[in-house]
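Student: This is the structure I want to talk about, given as structure tokens.
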Amino acid sequence: MTNRTPRISAIRSAALAALLAGLGMGAAQATEFRSADTHNADDYPTVAAVKYMGELLEKKSGGKHKIKVFNKQALGSEKETIDQVKIGALDFTRVNVGPMNAICPLTQVPTMPFLFSSIAHMRKSLDGPVGDEILKSCESAGFIGLAFYDSGARSIYAKKPIRTVADAKGLKIRVQQSDLWVALVSAMGANATPMPYGEVYTGLKTGLIDAAENNIPSFDTAKHVEAVKVYSKTEHSMAPEILVMSKIIYDKLPKAEQDMIRAAAKESVAFERQKWDEQEAKSLANVKAAGAEIVEVDKKSFQAVMGPVYDKFMTTPDMKRLVKAVQDTK
């Protein structure tokens, strides 16, 4: 199990520092914003992208604003950093949309299984009005949705091949802490097991879980490939990452500085995508070199059981409209 005491201390220290800084924030005061990320690698695409955003923001603000990225779960799990951002104890966090599902319901739309036909389709959909509407919808929950980052296609990795949906039956598969993700994996006949990202490696090693589902770069950089060697390309979701800012912090800034932050975030998207494509190719080579087997699957068998997931979660007119808009995007 992960030793949580140092992390909790770090979270409390970060929260105190943020609150003290917020008390004295003035229009002319230089600010070093803090942003969280759970990935270990300092050059992981999302980590690098927020660092790049910080460089852009520093230039746009004439050195007034900077961003320091705390990755490796230094400020907590994705759920913990979301909680900090909501109360203004942390400025930014980069998380997968999964942990935002309950807080900002429209983020469930891009999480839905087999919604996107390709990475290009996902990018085009989220670059347009659909993505803008989903980001905007987070404001009522206390978050400024700034950008979507690529997270590739998520697939199942285990000690054995998962070639059809029947092969997943009964497996304990780690999922994100989201009701939608529990339902998605349960629809396969598996036992969905919510677990923080930082605990997956130990869970796989000890047999607490049989499998996990994620993209190739995470399979590689989180060293999950050391624990299990079979990556079955279910590609059941292309759920993106989302970069959010605390609305409490954002609302204290002048309009011109708010616009700088939004512009820097948007400009970082193309950078992240380039890094993502490079990392995905590199990670695929890495896991193959580590002895991983990449397995093609019968995707139709997985798609066939996902109807109830849509029925359960795509319940509002807005959700249904956005799903159709994605499906109609060419």
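Cβ atoms here come from the backbone N, Cα and C positions, even for glycine.
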Student: Starting from the D-glucuronate binding annotation in Swiss-Prot that includes His39, Glu78, Arg154, Arg174, Val175, Gln176, Tyr197, Asn214, Ser218, Glu241, which of Arg94, Arg163 is the extra site residue?
Tutor: Arg94
Student: List the residues of the same chain that sit at least 6 positions away from Arg174 (D-galacturonate binding site) in sequence and have their Cβ under 8 Å from its Cβ, in sequence order, or write 'none'.
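Tutor: Set apart from Arg174 (D-galacturonate binding site) by at least 6 residues yet with Cβ under 8 Å, we have Thr193, Pro194, Met195, Val200, Gly203, Leu204, Ile209, Ala211, Ala212, Glu213.
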Student: Which residue among the binding-site residues Gln176, Asn214 has the fewest other Cβ atoms within 10 Å of its Cβ, if you could check?
Tutor: Asn214
Student: Can you tell me how far the Cα of Arg94 (D-galacturonate binding site) sits from the Cα of Cys138 (disulfide bond), in Å?
Tutor: 14
Student: Suppose we draw a 10 Å sphere around the Cβ of Cys104 (disulfide bond). How many other Cβ atoms does it contain, all chains included?
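Tutor: For Cys104 (disulfide bond), the count of other Cβ atoms within 10 Å is 23.
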